[in-house]
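As recorded in Swiss-Prot, the features of this protein are as follows:
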ACT_SITE  H818  active site, proton acceptor
BINDING   W209, R221, R222, Y223, F224, Y259, Y261, D264  substrate binding site
CROSSLNK  K113  SUMO cross-link
DOMAIN    326-856  domain 'USP'
DOMAIN    654-695  domain 'UBA 1'
DOMAIN    722-762  domain 'UBA 2'
MOD_RES   A2  N-acetylalanine
MOD_RES   S149  phosphoserine
MOD_RES   S156  phosphoserine
MOD_RES   T292  phosphothreonine
MOD_RES   T623  phosphothreonine
MOD_RES   S779  phosphoserine
MOD_RES   S783  phosphoserine
MOD_RES   S785  phosphoserine
REGION    74-96  region 'Disordered'
Amino acid sequence: MAELSEEALLSVLPTIRVPKAGDRVHKDECAFSFDTPESEGGLYICMNTFLGFGKQYVERHFNKTGPRVYLHLRRTRRPKEEDPTTGTGDPPRKKPTRLAIGVEGGFDLSEEKFELDEDVKIVILPDYLEIARDGLGGLPDIVRDRVTSAVEALLSADSASRKQEVQAWDGEVRQVSKHAFSLKQLDNPARIPPCGWECSKCDMRENLWLNLTDGSILCGRRYFDGSGGNNHAVEHYRETGYPLAVKLGTITPDGADVYSYDEDDMVLDPSLAEHLSHFGIDMLKMQKTDKTMTELEIDMNQRIGEWELIQESGVPLKPLFGPGYTGIRNLGNSCYLNSVVLVLFSIPDFQRKYVDKLEKIFQNAPTDPTQDFSTQVAKLGHGLLSGEYSKPVPESGDGERVPEQKEVQDGIAPRMFKALIGKGHPEFSTNRQQDAQEFFLHLINMVERNCRSSENPNEVFRFLVEEKIKCLATEKVKYTQRVDYIMQLPVPMDAALNKEELLEYEEKKRQAEEEKMALPELVRAQVPFSSCLEAYGAPEQVDDFWSTALQAKSVAVKTTRFASFPDYLVIQIKKFTFGLDWVPKKLDVSIEMPEELDISQLRGTGLQPGEEELPDIAPPLVTPDEPKGSLGFYGNEDEDSFCSPHFSSPTSPMLDESVIIQLVEMGFPMDACRKAVYYTGNSGAEAAMNWVMSHMDDPDFANPLILPGSSGPGSTSAAADPPPEDCVTTIVSMGFSRDQALKALRATNNSLERAVDWIFSHIDDLDAEAAMDISEGRSAADSISESVPVGPKVRDGPGKYQLFAFISHMGTSTMCGHYVCHIKKEGRWVIYNDQKVCASEKPPKDLGYIYFYQRVAS
């Protein structure tokens, strides 16, 4: 490289910017690859746009955008010097005292076992003229000051990825409870002693909670590992509705742990001293005798590395490196994302769409490629498949690796992808653990949005479901079809092969808990796969079915079949369910999944000879056998004007209020719960719950229910104002018809952003309507643009499959635990556990959560 002259630097001085508070500085990762400052070529940060690029891509940015001056960062690792007081190479590590990241007393993510030597240069393209950071002294003051301030600001600025990951996350920041100033306490309570407490329903003497309404002392929740309490405090809340409780043993003059069951979170109670004095407790005289919830959670986070389930940790595994064997770093509860994308990029259709067309995608990328979906997915696919990042962890300065690092690779850290895919989503934008199945569907939805008029790899998963409903009173039937991407397989626990052992285990467990003894060895339910398949295809009774043949309620049976078989069949084992108390729980079950699978018997047949269809008549808004004005709807009983405040029709449907209340108590929005009950035809809590789970990601999930033919709430002004032509043009340019654009805008009060979300969440209905318009004689030009397919495109073929991948989950809930995946490559099973990629010796195929089957060529 040539030395940078004063004249060259003066020529680019006007383009050098100093980053401000709102600027995103991408100095950790290349926008097009996973190169970092630690990569061989270092990282070039544009001093105008603050985007980072590896050596391979920096000229692409220069040629496309024009800025010539870049800050070149190159870092090399060296081991930390040995601390003489510890006798090891590691300095004394501070024990975290707060459940926080990036704040005093919290977890320090910057702590490493090595130090970094940093080389900083200013480089001007295209000739790569350079000058070292400390070589600016001989330049004129105006030049030196401008460049130095920009360099120092870039180096000191928080990187975009750091802001995304950390955001000074503090798990101890609590909100004031909404009950704090209005809590009603019962009169004449018992006086609570300052010590010697015991649960009033069992003999537990720790993890005790004092209810601030009635003074009851009860034990806390049971933790995932069997420790903790017996759930008596939360059960008391469900029985009484008394919302606030304080953890005994944590009360000090400075405060205490207060939990709100109603708000489902740790909270602040500014009136705590007053509330405690009601029971004779003087906060000023209390001392801490038990661990706070923060301390317990920190201990749990520090022990999480000890988990060995499903990871084949008891067996020596051979590490694998090279193309297709790239690990992914865990960015903090991101293992759900890692597992899903690893499987997707093992499928040829996703490879062809994004990796094979990498250059074309990058060439068409916008000025800021970090915000482009196709660019970031292509970058992710290339990072996984190229082998460039599938290398052992670099050796330390003495040429050795610690033993536990021998099977670990650097892998890739998909920070930009995670930030983009989760942008605007209430869950996936956080660092909390998520459900891999929900993320799979979210990613499928994002791919769908970005492949509207081009090759769509989602077609490998898409299939049609045929649902047949038969009215038992008239024997008449109704067939419907819908698009799906996942086969959700129920787990009939009553079909377990080891029922006696399970009953014996439960009895031993109960006795051990009563006697405070060690729990017996776990006995897991063994359910045959054939029983799960039978349960999926079994007829399901539908009570209170509105029969259009009878024009009255009847009983019906519903059967579910496949109208088409996809190239890749995704099966979710429904391990996560709800107990009788509506508390989420995970079924601890073993299902021996077959390597070869034939579901040909589940193919739908459509309307059969001799079957008579139910009349296609819409049910009445208020069925004759239901009282008007009930279930929370408003109106004068002497008039026929009964309507919900959310509905515009004066004769709104009667919904099962008990089911709505159950769903609302679980934390779902009221309007979403009303829609769930409405769209499942008042067919019960389970059906409504399934609807909620299937539609949680819909953009209009929490919007009020708008009945067919009604304008919906707040639509008066929109109806009066025609949709703006520029909004219509924008939607049409995305490949939709003018009719579809107008319909979407009218349904969303002419909001362009909401209209786009609405049109994607109703795409199947719109395509079906367009197809119907064509069949009724309208021209294709009048009904739908040529670029929009008529109906969902599905592939079909034989129903014979072979297992090629599965995702496993460890933990008691989708909101915690860990995910790993196993993928069959080159005839052998491979386990992907974050940065560890190894040949699998005993793949736990019976303990998976999501299974991926590939069609067998006939």
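Cβ coordinates come from backbone N, Cα and C, glycine included.
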Open item on the list: Rank aside, I only need the closest one: which of the recorded positions W209, R222, D264, T292 has its C-alpha nearest to that of H818 (active site, proton acceptor)?
Closed with: R222
- [ ] Count the other Cβ atoms sitting within 10 Å of the Cβ of S149 (phosphoserine), across every protein chain shown.
- [x] 12
Task: Within the domain 'UBA 1' (654-695), residues counted as helix, strand or coil by DSSP - done: 30 helix, 0 strand, 12 coil
Open item on the list: My understanding is the cutoff is Cβ-Cβ under 8 Å with a sequence separation of 6 or more in the same chain; which residues meet that for D264 (substrate binding site)?
Closed with: G667
- [ ] Counting Cβ neighbours within 10 Å across all chains shown, tell me which of the binding-site residues W209, Y259, Y261 comes out on top.
- [x] W209
Open item on the list: Can you check which residue among the modified residues S156, T292 has the largest number of Cβ atoms within 10 Å of its own?
Closed with: T292
Task: Entry from the recorded positions list R221, H818 having the most other CB atoms no farther than 10 A - done: H818
TODO: List the Cα distance (Å, whole number) between S149 (phosphoserine) and Y261 (substrate binding site).
DONE: 51
Task: Inter-residue Cα distance where the pair is Y259 (substrate binding site) and T292 (phosphothreonine), in Å - done: 12
Open item on the list: Mean pLDDT across the domain 'UBA 1' (654-695), rounded to an integer, is what?
Closed with: 81
Open item on the list: When DSSP is mapped onto helix/strand/coil, what comes out for Y261 (substrate binding site)?
Closed with: coil
Task: Surrounding CB atoms that lie within 10 Å of the CB of R222 (substrate binding site), all protein chains - done: 16
